[in-house]
Amino acid sequence: MGSEKDSESPRSTSLHAAAPDPKCRSGGRRRRLTLHSVFSASARGRRARAKPQAEPPPPAAQPPPAPAPAAAQGPPPEALPAEPAAEAEAEAAAAAAEPGFDDEEAAEGGGPGAEEVECPLCLVRLPPERAPRLLSCPHRSCRDCLRHYLRLEISESRVPISCPECSERLNPHDIRLLLADPPLMHKYEEFMLRRYLASDPDCRWCPAPDCGYAVIAYGCASCPKLTCEREGCQTEFCYHCKQIWHPNQTCDMARQQRAQTLRVRTKHTSGLSYGQESGPADDIKPCPRCSAYIIKMNDGSCNHMTCAVCGCEFCWLCMKEISDLHYLSPSGCTFWGKKPWSRKKKILWQLGTLIGAPVGISLIAGIAIPAMVIGIPVYVGRKIHSRYEGRKTSKHKRNLAITGGVTLSVIASPVIAAVSVGIGVPIMLAYVYGVVPISLCRGGGCGVSTANGKGVKIEFDEDDGPITVADAWRALKNPSIGESSIEGLTSVLSTSGSPTDGLSVMQGPYSETASFAALSGGTLSGGILSSGKGKYSRLEVQADVQKEIFPKDTASLGAISDNASTRAMAGSIISSYNPQDRECNNMEIQVDIEAKPSHYQLVSGSSTEDSLHVHAQMAENEEEGSGGGGSEEDPPCRHQSCEQKDCLASKPWDISLAQPESIRSDLESSDAQSDDVPDITSDECGSPRSHTAACPSTPRAQGAPSPSAHMNLSALAEGQTVLKPEGGEARV
């Protein structure tokens, strides 16, 4: 008994504590990891780091201390782990202060046994230290994939850069740490600045090719002259057209002048050309805000475009900035497709909407009212049931909540339906009968116009599409033939003064040429073919005109067999279309005429002197014919309205075309076979009109048909034009 009491006494307890068992761990409960212990350990670590700095270190030769009592030999239980915890905390703080994502343990806060992370880009499971955290979103990817992604986005000017997994924009600080490339980062910042400036409507970029300076000009519309303030540039440009300053000219005039200059440079530069082999240029259009060129496949895909430079959202069909309701409005633009609706389709859609709107709105209201009255209570009951389903609540409480919610929704649903229909129906009617007609007529889509005060006129003609880069290239590619050139050639090939004038125009087999077929009795009116004694003045002309580039006009004259052939320059035909390019036009014409009257000439004007000269030639030919008539009998006349001696068809005649004085020397040198044909100068050789035949006609021959003279004019692929007769051929 006494020994048991002594062992249980406090004195015996102190003796046992003074000699602890080395196999037992003291303070095991205090090593348990809890949230409080983590924060308390960090506080103890900070105190432990501050304590050695305050106390001086003990001397090295200090004698060992005297033996203390057993109760004071052991250190406190919490003093042993405090030193390692302080060292770990100091290392973590130093690692967190280092720039970059090189030490992921500091950012992760875990050891090497942390869970691996799967990269969403390369689908490879990696340790957490290779998947840095981002400031903008919680998504993580491997460092190599992020660097490659950032380089690709910056090189293609897709800024600002978003997260690969979501639409959150990456922080520039993260981009700088991931790239570690100052030149690429400078390019990123420049693209960001350009995108911001492009969204400013008053920002104007200097048009100088070696300048990237921008001028923000607020309120400069009235004084459009701007000056680049960059040192060494000082370029003056226009605020409106954003091009080089054009004094004493409007923007349209300056634009036309630049187009002509570009056209001339294109003709004389072999490297600048466009053809079908260069690609479909119809797919290139400028952004309506920043004018950056955008290419899109013409496959009928989505027409909602977003500019990568300024972020402008526009429609590819109408090239206008749009909103979310653009494709639901009566603009004629469709979300998919290659072209907008035609004017006829838009008008029919408008009429159908105006007529069918009351029926459609009534059906919508009739369906919406019962759907809301029945659907709202059902929806409320299901939501309340799903909310109480996962909770541990009594069944009576849940049923009471569901019943109360459904009852209130049954009472409120008719009111909600009535308010919705009462507000929605007037809005729909106002949209159909107000917004739709006004928007269509304001944009010219309805085709309603006033016909000179005679009433309202509805036009169903198709609208012209927007002018694209391809249209400009086509204009530069084929500047010689067009609608205006056809009109000019029509006025050139036909002359007035004959009741049988006529001209028909048809498209040739080549896209770069235009074929003109003319059937006219007055084309050479006033000439020998419609003279007083000649009843034949029918002339068929078929010409192919092609633009050629030569340094100067050339022509030659020759004769083959009995027919007279003329090689002449007809650049004036094309000059009537484009007088500025007269020196670069060349057209070779070969003429053969079936009837062969002698010493008759086709002159290029209808002046009185030329007419008198032709009369003198006719008189000389008649005298020669009367003097030598005994030797050879003239063929009988086929006309009933003329006499045998006066009929021109019964006598041989020679015809020559008068040439300009500028090429008379060439003609005289090549006229060895046509010495009997006299030369005649033309006063109108430099005019843009074509050379027509002119000679006086007698009253008896006016308006007579001319079936015996045929002239066919055909064009070679190389640009030469050959005129072939039915009876022979002459080369020009």
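For all residues, glycine too, the Cβ spot is worked out from N, Cα and C.
The region 'Disordered' annotation in Swiss-Prot covers 1-112 (among others).
The annotation compositional bias 'Pro residues' is assigned in Swiss-Prot to 54-79.
As annotated by Swiss-Prot, region 'TRIAD supradomain' applies to 115-337, with the evidence given as sequence analysis. Note on the region 'TRIAD supradomain' (115-337): its mean pLDDT in the predicted model is 83.
Taken from Swiss-Prot, the feature Zn(2+) 1 binding site applies to Cys119, Cys122, Cys142, Cys145, supported by sequence analysis. Under the DSSP three-state reduction, Cys122 (Zn(2+) 1 binding site) is assigned to coil, being neither helix nor strand.
Non-local neighbourhood of Cys233 (Zn(2+) 2 binding site): Cys206, Ala208, Cys211, Tyr213, each in the same chain, at least six residues away, with C-beta under 8 Å from its C-beta. The Zn(2+) 2 binding site annotation in Swiss-Prot covers Cys206, Cys211, Cys228, Cys233, and the record cites sequence analysis as its basis.
The Zn(2+) 3 binding site feature in Swiss-Prot is assigned to Cys238, Cys241, His246, Cys251; the stated evidence is sequence analysis. For the recorded site, Cys238 (Zn(2+) 3 binding site), the DSSP three-state label reads strand. All protein chains included, Cys238 (Zn(2+) 3 binding site) registers 20 other Cβ atoms within 10 Å of its own Cβ.
Long-range Cβ proximity for Cys287 (Zn(2+) 4 binding site), meaning a same-chain Cβ under 8 A and a gap of 6 or more residues, is found for Tyr293, Ile294, Cys307, Val309, Cys310, Cys312, Phe314. Classification of Cys287 (Zn(2+) 4 binding site) by DSSP places it in coil, neither helical nor stranded. Swiss-Prot lists Cys287, Cys290, Cys307, Cys310 with the feature Zn(2+) 4 binding site.
Residues or ranges marked as active site in Swiss-Prot: Cys302. Under DSSP, Cys302 (active site) is assigned to a strand (E or B) in the three-state scheme.
Annotation comment: Swiss-Prot describes Cys315, Cys318, His326, Cys333 as Zn(2+) 5 binding site, evidence class sequence analysis. Cβ contacts within 10 Å of Cys315 (Zn(2+) 5 binding site), excluding its own Cβ and spanning all protein chains shown: 20. In three-state terms derived from DSSP, Cys315 (Zn(2+) 5 binding site) belongs to an extended strand segment.
Under the heading transmembrane segment, Swiss-Prot lists 354-374 (among others).
If you look up Swiss-Prot, you'll see 415-435 (among others) marked as transmembrane segment. Long-range contacts of the transmembrane segment (415-435) within the same chain, counting only residues at least 6 positions beyond its ends with a Cβ under 8 Å from a Cβ of the stretch, are 353-354, 357, 361, 364-365, 368-369, 372-373, 376.
Annotation source Swiss-Prot lists region 'Disordered' at 618-732 (among others).
Among the features that Swiss-Prot reports, compositional bias 'Basic and acidic residues' is placed at 635-648.
Annotation source Swiss-Prot lists compositional bias 'Acidic residues' at 673-682.
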Cβ-based neighbourhood (8 Å from the centroid) of the Zn(2+) 2 site, residues Cys206, Cys211, Cys228, Cys233 excluded: Pro207, Ala208, Gly212, Tyr213, Glu229, Arg230, Gln234, Thr235
Distance, Cys241 (Zn(2+) 3 binding site) to Cys145 (Zn(2+) 1 binding site) (CA atoms, angstrom): 44
Using Cα positions only, nearest of the binding-site residues to Cys302 (active site) (Cys142, Cys228, Cys241, Cys318, Cys333): Cys333
Length of the line joining the Cα atoms of Cys241 (Zn(2+) 3 binding site) and Cys290 (Zn(2+) 4 binding site), in Å: 12
Cys228 (Zn(2+) 2 binding site) versus Cys290 (Zn(2+) 4 binding site) - Cα distance in angstrom: 19
Nearest of the binding-site residues (Cys122, Cys228, Cys238) to Cys333 (Zn(2+) 5 binding site), judged by Cα-Cα distance: Cys238
